Amino acid sequence: MHRDGNSSTNLVSSITRLFIIGLMTMTVFLRTRMEIDIEDGNYFMGALFFALILLLVDGFPELVMTIQRLEVFYKQKQLYFYPAWAYAIPAAILKIPLSLLESIVWTSLTYYVIGFAPQPVRFFQQFFILFGVHLSALSMFRLISSIFQSHGASITVQATNTTIGHEVLKSRGLDYHKSLYWISVAALFGLAFIFNIGFVLALTFLNPPGSSRAIISYEKLSQSKNNEECDGGATSMEQGPFKTVVESKKGRIALPFRPLTVVFQDLQYYVDMPLFCEICLSRSPLPVGKGARENLGSERARVLEPEMKERGFTQKKLQLLSDITGALRPGVLTALMGVSGAGKTTLLDVLAGRKTSGYIEGEIKIGGFPKVQETFARISGYCEQTDIHSPRITVEESLIFSAWLRLAPDINSKTKAQFVNEVIETIELDGIKDMLVGIPGVNGLSTEQRKRLTIAVELVSNPSIIFMDEPTTGLDARAAAIVMRAVKNVVDTGRTIVCTIHQPSIDIFESFDELILLKTGGRMIYCGPLGQCSRKVIEYFEHVPGVSKIRENYNPGTWMLEVTSPSAEDELGIDFAQEHQRPCKAVEQSTSRENQQNLFNVFGSMYTAVIFLGIDNCSSVLPNVSTERTVMYRERFAGMYSSWAYSLAQVIVEVPYLFIQAAAYVIIVYPMIGYYGSATKILWCFYSFLCAFLCYNYLGMLLVSITPNFHIANILSSAFYTVFNLFSGFLVPNPRIPKWWTWMYYITPTSWTLNCLLTSQYGDIDKTLTVFGEKTTVSAFLRDYFGFQHSQLPLVAVILILFPLFALKQDDTRKESCDQDEVGIFDVQRNMMAN
């Protein structure tokens, strides 16, 4: 069964959010002595409606979590771990306590403060109704997730499941008011049961997501036709893509570049000494390097300081690299090796300029000149150990995107395209170039295909220097041989390449020309050539007193790591770093309006569209932006673009889609609802929806940029949806909002959108209508009840466009200010995966 490690965090976040929203609702609907009349009845209905919507929206995270668990479920199901019902029934039962808790919290906080009927039986009636709503919502979202199995489709479907108002159904001849009271509670629990039955059936009979190939390439289609004309299957296999790729790689990539040497001398790298607050409390042994926290109180620091000194840590900084000196030469393939934690990735990151924290000392020269990071990013490439790519484009599109942004602008498009094709052949990506990259472990490329794509993305930038962090990790023998053969071909063109390698096979180890070997603590113990059949490195260590001879046919790489391990050093009583006295040392390391109800119905249609379409847009953009964010940090470090350029492109690309969405909605809905047929009013309606959609989309981008992961952004977005709903001016109009919450109304974009929509349509209409039994005009009713005035429409329009601009500005500012922090987190996550 799948275990959600963040379930407790999600539960606490959900209850905390519900408690805060409950306090806000108490103070907004503070009506302990309301009169029982039509007007005050609207506020009671608004409070009830808000509670229902709140508990419905609270189920949105269940949709996301269910989709993420489907991968593990289908894998375990295919291995016959358990049937679908054994997964679905516990999933439903385990949510019952959550529904009970949230219903109790909400009803207890709001019922008597708002001023509902004081009889206890009515209190429990509301509690059971809300409990049924929440339980049904969770069950419904699980069912939707299991059927559609993707964020985009599931979010679109859930957005359509909005409540149809009683007045709308009554106008269509469906008056169920008298019987609804008796069947509502039973229906809610019945729906929850039906949804869970559907969840079991969907998990039982639906297949997991399939292949993500976008199209069949022209070459593959032609090859398929040729194979059909061949007489024998064996002949077709011999003429298949693998042989074609191998035979096509006779030439070398010939775009001009300047061979460069990387020289580093006396390289040091420090980080601030970590303090562990857990040690202060438990007095347990000090776990160096994990769980560090910097901002401890002075009292805790004083308690911890003696313990640090007892273990030999007397400095305020921890040194990860110590006196590293060496050189990386063109046409020479260098291996960077060491035990886990020796500092391989740290040294690689320091040389590449990817360390955003800590203190670097020493000298790094590129081609004889001091290294300048801004220009160095344009002549170097970095292949991550974790293969990070945009999942929604093809392999060829990934390479084209990288080449067009990173190659020199004076290279024409034809040459760039030819160069991309050469790289595709070199890395043997011909057969999969039209396949979507996909999500790792879910669909798209396999592990070895993604690794080859990572290398190809850097090769198409035509770099002089390439850093590779464990390029063969996770690959089988054939795939690793293909990768190393391609790397050797690139080295032969005169490029400088250094790779970190962890326990390679004999063939891979001996494909390198030179070796830099590190030990724990970032100290160098060997820097020099491997020699034929690794003879030179073997001779070096065999000459160290006490080191045993290598066994016949034993892997030199494995033997070298074994004889230089800390345990071997302790046994021999030597320090290999001290034995090595040469220049080079080590490393460590994203229609009619005749009464107020008709006007309320129209206003309700506006409210429904703005709220639910806005939520749909924001919820849809969250997973996409979250996925692309990590890719952005990798490409950002490669010098492909700046943060503002990425933000601008991300924003601009949404505008045409939102423009079409707003236009399509207005074209379909405007005449059907029966708004006034004035061209000016149509344009005002279009402008209002466009601004609202922009605001919600940019809000989603902003939430992703200010939160560490998608789950937190999703929970935070639910809180924003609730606040936007509460202070929209629909449930409680502005004149009736308590003074202490008026400021919240004015900073809520939904309130200004509804203001613009309703005022532009009816703010200048002086037609008489009946409001709560009294005669008044439409414009006067809007002014007195909602606080909307037609004369203020230009001001409303200006404020409305400021919201998406503000969200955009904050998103861009956050990206720029968080580049260092986020990439630091990105480095930590990558190093954790490496270790």
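Don't overthink the numbers, they just go from 1 along the chain as shown.
Cβ coordinates come from backbone N, Cα and C, glycine included.
For the transmembrane segment (12-31), the residues of the chain that approach it from at least six positions outside its boundaries are 40, 43-44, 46-47, 50-51, 54, 58, 61, 98, 101-102, 105-106, 109-110, 113-115, 712, 715, 718-719, 722-723, 726-727, 732, 737-738, 740-741, judged by C-beta separation under 8 angstroms. Taken from TrEMBL, the feature transmembrane segment applies to 12-31 (among others).
Annotation comment: TrEMBL describes 43-67 (among others) as transmembrane segment.
Positions annotated as transmembrane segment by TrEMBL: 79-101 (among others).
The feature transmembrane segment is assigned by TrEMBL to 121-141 (among others).
Per TrEMBL, the feature transmembrane segment maps to 180-206 (among others).
Residues annotated as domain 'ABC transporter' in TrEMBL: 303-546.
Marked as transmembrane segment by TrEMBL: 644-670 (among others).
Nonlocal intrachain contacts for the transmembrane segment (682-706), taken as residues 6+ away from its ends with a CB within less than 8 angstroms of a stretch CB, comprise 609-610, 613-615, 617-622, 625-626, 629, 650-651, 654-655, 658-659, 661-663, 665-666, 670, 675, 713, 716-717, 720, 749-750, 753, 756-757, 760-761, 793, 797, 800-801, 803-804, 807-808, 810-811, 814-815, 818. Positions annotated as transmembrane segment by TrEMBL: 682-706 (among others).
Here TrEMBL flags 712-731 (among others) as transmembrane segment.
Annotation comment: TrEMBL describes 743-762 (among others) as transmembrane segment.
According to TrEMBL, the transmembrane segment annotation covers 791-808 (among others). If one looks beyond the transmembrane segment (791-808) by at least 6 residues along the same chain, the residues whose Cβ comes under 8 Å of a Cβ in the stretch are 647, 651, 684, 687-688, 691, 694-695, 697-699, 701-702, 749, 752-753, 755-756, 759-760, 763.
Mean pLDDT for the domain 'ABC transporter' (303-546) in the predicted structure: 84. Counting same-chain residues at least six beyond the ends of the transmembrane segment (121-141), those with a Cβ under 8 angstroms from any Cβ of the stretch are 51-52, 55-56, 58-60, 62-63, 66, 92, 95-96, 98-100, 102-104, 106-107, 111-112, 154, 158, 161, 184-185, 188-189, 191-192, 195-196, 199. Tertiary neighbourhood of the transmembrane segment (712-731): same-chain residues 10, 13-14, 17, 20-21, 24-25, 28, 46-47, 49-50, 53-54, 57-58, 60-61, 64, 603-604, 607, 610-611, 614-615, 618-619, 622, 626, 699-700, 703-704, 737, 741, 744-745, 748-751, 754-755, 786-787, selected by CB-CB distance under 8 Å and a gap of 6+ residues from either end. Long-range neighbours of the transmembrane segment (79-101) within the same chain, counting only residues 6 or more positions beyond its ends whose Cβ lies under 8 Å from a Cβ of the stretch, are 1, 11, 14-15, 62, 66, 73, 131, 134-135, 138-139, 142, 192, 196, 199-200, 203-204.
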